[in-house]
Amino acid sequence: MASVAGPEIDRLIQLLARLPGLGPRSARRAALHLIKKREALMTPLASALQVAIDRIQICEICGNIDTRSPCTVCTDMRRDPSIIVVVADVADLWALERAGATNGFYHVLGATLSPLDGVGPQDLTIDALVSRAHDPRVTEIVLALNATVDGQTTAHYITDLLGEANVKVTRLAHGVPVGGELDYLDEGTLSAAMRQRTPF
């Protein structure tokens, strides 16, 4: 298909299409919207991207993304130092923070173990987690990993490694979501909910 715009606009569309959730058609729409709102949107976006390029870092303690290291979470003295919540990636950390689900600290693994994708223990920050678990202030490691085969494999692997640390290892409950209807849930979720039922 012949290009109807210059190479710079084509390049913008190609780059936008690389973003998660944006295919070629959505990327074209986004590019047109940015161009139409050049002063109100495109210029501030370009500036924000440049600031991100210049200032964003990975936290040396937990692996969070922030403009400083240690990050805002790790330097928050109001947090409970006895809890470390283990997540696969930064998006999971941010989701838990939005929910206000914990006042503990975090540890970002970077992914989950996935032999099919070539992701092994050496590709994750598991050694740093084990080191952190030996801090005498830490009493609980919460495995907040996805309920997938890779997530569960990672959880079992970490649990085995933490056997010598003097910490309690817990994981998130699995089951019926708040507002969920049983008829719409898959069998695995229903089975997990029945096995992990609690007193009412």
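Each Cβ is built from the backbone N, Cα and C atoms, and glycine gets one as well.
Summarising the annotation, Swiss-Prot assigns zinc finger to 59-74. Within the same chain, residues 90, 93, 97, 105-110, 125, 132 sit at least 6 positions outside the zinc finger (59-74) and bring their C-beta atoms closer than 8 Å to a C-beta of that stretch.
On the 0 to 100 pLDDT scale, the model's mean across the domain 'Toprim' (82-177) is 94. What Swiss-Prot lists as domain 'Toprim' is 82-177, and the listing cites sequence analysis.
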